[in-house]
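> Features from TrEMBL:
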| type | residues | note |
| --- | --- | --- |
| COMPBIAS | 1-17 | compositional bias 'Basic and acidic residues' |
| DOMAIN | 110-247 | domain 'Peptidase S54 rhomboid' |
| REGION | 1-23 | region 'Disordered' |
| TRANSMEM | 33-55 | transmembrane segment |
| TRANSMEM | 119-139 | transmembrane segment |
| TRANSMEM | 151-170 | transmembrane segment |
| TRANSMEM | 176-197 | transmembrane segment |
| TRANSMEM | 204-223 | transmembrane segment |
| TRANSMEM | 229-249 | transmembrane segment |
| TRANSMEM | 270-297 | transmembrane segment |
């Protein structure tokens, strides 16, 4: 007779190397989560932008010499003149006041919190809409599959990773936006495909499509006034984190309940290459953050060690020039 403990575990005694026959067959690890952390991030970003525009108060802080505020009917929520901010948003002074990433303040005024706060600020409506559409499109799918803890961690740590790399290369401009965190989600999607290779069909097409999307966005990042270092730092952080936190059981383990009871099956939930990738990624992640933080708070300029790296964020052409 089955004991109460047997019933709670499926009412059967499992044999090593054999497919069990549970009372409630299901694919282990295939729980579908109800997304809530991504919608929270979405609302938080919009709320912070509204607060930013309220604090900005263009009509009160902009003189006639600076130009006319855009959308004056919005009152204190009106946008800065286009020649100051073509993205329909606040002034750089307001962004700096509310937590934009500024190398001088992070390093010499010990305001390390800006590494995190800058990812919640946006330069304008255009910037905000583009990022929030990407957040919903990418983040909702990932949270449904992996839950709020893992996706929330990837988003936040990738945002910080993007801020760290940005601060190491860019000293004379402020930086804001969730782009680093969003590129981290893209990086995590790519590493998740690679580490969970056995459970996907059309995997090559999926990887190539994702690589194309990432490449296009990184190429757009070499335009002036776009902080591509935040994109690259966020992508690398998310890519490494994906190997660590998004590992799933391999195909043989996932499909064992689809086989006749008593059939031989694998007892390994994860494959060796998955553990190796996770260990390497975790090591690189810890080393990367440790070295990056140490260089940043020592005031190191990464451009001194890489004379060509500035081209990763802006390439001069006949139509525009790039300042350091």
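Sequential numbering from 1, following the chain as shown.
Each residue, glycine too, has its Cβ placed from N, Cα and C.
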> Let me spell it out: take the transmembrane segment (270-297), skip the flanking residues so only those 6+ beyond its ends count, and list any with a Cβ under 8 Å from a Cβ in it.
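For the transmembrane segment (270-297), the nonlocal Cβ contacts are 106-107, 112, 161, 164-165, 167-168, 191, 194-196, 198, 236-237, 239-244, 247, 249-250, 253.
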> Relative to the transmembrane segment (151-170), which of 33-55, 119-139, 229-249 accounts for the most Cβ pairs at distances under 8 Å?
229-249
> Suppose I define contact as three or more CB-CB distances under 8 A, residues 6 or more apart in sequence; do the transmembrane segment (229-249) and the transmembrane segment (176-197) meet it?
yes
> For the domain 'Peptidase S54 rhomboid' (110-247), how many residues does DSSP put in helix, in strand and in coil?
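Summed by class, the stretch gives 107 helix, 1 strand, 30 coil.
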